[in-house]
Amino acid sequence: MRVLYLHTERFSWEVKEPALDIRDEPVSGGASNALVVFTTVERGDVPEEGFLRQIARDIVEVAEKVKASSIVIYPYAHLSNELARPYAAREIVNKLYEVVKSEFRGEVYKAPFGYYKAFELKCLGHPLSELSRSFKPGDSRAEKKAEERRDLYIVITPSGEEHDPAKFNYDGYEDLKILVEKEVFKRELGGGSEPRYLEYMRKFGFEWEPMSDVGHMRYAPEATLMMELVEDYAYAVAKSLGIPVFKIRGTNMFKLSERAIESHARLFGERLYIVESDTDLILRYAACFQQFAMVKDWVISYRQLPFGMLEVADSYRLEQPGETVLLFRLRRFYMPDLHIFTKDLAEAMEVTFRLHEAIFREIGKLGRTYVSLYNVTEDFYKAHRQYLVELARREGKPILVRVLPGQKYYWVLNVEFHIIDELGRPREIATFQIDVGNAQRFGIKYVDENNQTRYPVIIHTAILGSVERYLYAVFDTLARAEKEGKAPRLPTWLSPVQVRIIPITRDNLKYAVEVADKFEAEGIRVDVDDRDETLSKRIRDAEVAWVPYICVVGSKEEAEGVVSVRERGGGQYRVKPEDLIKKIREDVRGYPNRPLYMPRFLSQRPTRS
C-alpha cells in the first residue's frame, strides 16, 4: 500500500460520477484541520488485521504529531502502477478506515470508493505537512503467526476425554499422529519420492494441459469416462441421504459488483480467478454462488426442509504454481457440491449425522478410512461439545478439534476428512460445513410454521470430495496395494474397459464380435483386440491396461460356446459368456453405468505418444 499524507487547513470532496461497478454510497463531505490520507491499495495487499493495524498506527502517529483534529481516508488510485483488484481494494480501504477509527480519538472520515470525485484542499505547508509511505504485508507476519497460535487444538476421544495433542498417546492411532504433526505442529511428514499414482494417471489419460494455465488438466477418453462415472455416483450418493435433492446446472462466472458475490469472495481471499470484461467477473471456486443465486428466488416453506441441491461445478482456485499436484491440487477441478438447506442449527446437526455416516461408508468401500479434523468456532464448541463427542464415538477413534476464537467465519463447523496417502501425508478428500451466514448474505429465506420469515442454516458438503480427489483416493489405494505386492485393480464399475475379447486368430474374430455383442447388450463395457499382434502381446497390453476380465477366444472356445477368462487378481477359468455377465453385473450392483467412450476395435484407436 502506498499513502500520501497531507496536513490540511481544510479539505472537501464532491462525488461526480461512478468510476467502477464496485463502489460505496456516493457521499460528499469535508473536514477542517485534517490529515488527509490519499490511499492506493496495491496488488499483494491483504485485509489482514496486523497489516492494517500497522498502517493505522502510523497514520494516527502522524496525525498526533501534526496535531490534526480529524483524519480523512481518501481512496486514490494514482500512487502506484500495481493496483489491487477493485473488490480487494475496497475491502482493504474500508477495513483500514475501521481500524483507524478504533485507534484515533478524533473524527475519522472516509471518501467513497469507486467514484470520480472533485476535491479542494489548503495544505498547511509546515515541514511535516507532506509525507509519503509504502507498506508491505510481510511486515505483519509475526502478528499473524501470533494469531494462529491462539487457536486451540484438542484431541477428543469417543468417551469424551480431552487431551493435549502434544501429550496424547498415539499408540494404535498412527494416522491421527500424522495429521497432528501437520496441522498442530506444522511438520510435513512423508514424501521424498514420486508417488506411484502418477504412473497410473498417465495410463488412463489424466494429464496436465501445457497449452493452458498452470494447474489445468485434460482428460483422455478413459479419464473422461471415469470422471463422469464419479459424477453420476456423487448424485446417487446424495439421493441416498433420504432427503429431496434437486440437481441443477449454471454458469461459472459471477459479477463482483453484486454485493453478495463480492462479500462471499472476500472470505475466500487471494486465490480468486478474475476475468476482466466490461465488468470484473469472478470464476466460481465452488457451486455456492450459483446455487444460492437460484434458491434465493424460490418460495420455500418449512414443510419442504430439509432439501438438497447438487451441481457438479467446474471450480477455479488460483493455487500457487509450485503447489499444484496432478489430480489433487488444481486450478480447475470438478466439485460435486451438495448444499442442504435446513430449518435451524439443530436440524443441520441432525442431518450431518447422516452425512458423516455416508462419508465414512463411501471411503470404506475403497478399503480406506478417514482421520478427521474438526474446525469449530469457540462459541459452537462451548455450546455443542457433546455433538463432537458423538461424532468421535461414531468414528470409533479419537478426533482432532481446532477451536478458533472470534466470529470471523460464515461457518460454525468445518470438517476435513483426510486419508493418509502412500507416502504418509494427510490428504483431505471429503468435507462438510455448517454455514450460518450465507442465507442472509444472499437473501435465502423460508416461512416457518408461525408464518414468520427465517433464514435457513446451510450445510456444504462434498461426500466423495471433488471428482479428481475421489479418483486420487482410488489410485492411492491401488498404489498401497501394489506396494504390498498385490496387482492393482480398479473397481469394476470404474474400469474404462470391463471386458476385453482377444481372438487367437483372425478366424476367431467373428465369434469374438458375437461374444462382445452379448456383453454390450447387458450394459458392460467391452472391446475387441483385433490388431495384427501376437497373442502374448495383446494379453500383455490388456494386463497393462488393468482390464479386469480378459477373454481369450479360439476355435475350441467357439466350439464349446465359452470364453477363457484371465481375471485380474482372480486367476484363470473357462466360463459361458452368460455366467460371466451375471458375475460382472453382481460386481457393479449399486453403481452407475456408462457406455464405452472409444471405438470397440483397438485397430481403430490411435496410440498416444
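Just so it is clear, glycine is given a Cβ too, placed from its N, Cα and C backbone atoms.
Taken verbatim from Swiss-Prot:
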{"type": "REGION", "residues": "1-143", "note": "region 'Editing domain'"}
{"type": "REGION", "residues": "195-491", "note": "region 'Catalytic'"}
{"type": "REGION", "residues": "196-491", "note": "region 'Catalytic'"}
{"type": "BINDING", "residues": "CYS288, HIS339, HIS460", "note": "Zn(2+) binding site"}
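Long-range C-beta contacts of CYS288 (Zn(2+) binding site), restricted to its own chain and to partners at least six residues apart, with a cutoff below 8 Å, comprise HIS264, ASP337, HIS339, ASN438, HIS460.
Note on the binding-site residues HIS339, HIS460: the fewest other CB atoms within 10 A surround the CB of HIS460. Listed in chain order, the residues near the Zn(2+) site other than CYS288, HIS339, HIS460 are ALA286, ALA287, GLN291, PHE292, ASP337, LEU338, GLN433, ASP435, ASN438, ILE458, ILE459, THR461, each with its Cβ within 8 Å of the site Cβ centroid. Secondary structure by DSSP for the region 'Editing domain' (1-143): 42 helix, 55 strand, 46 coil.
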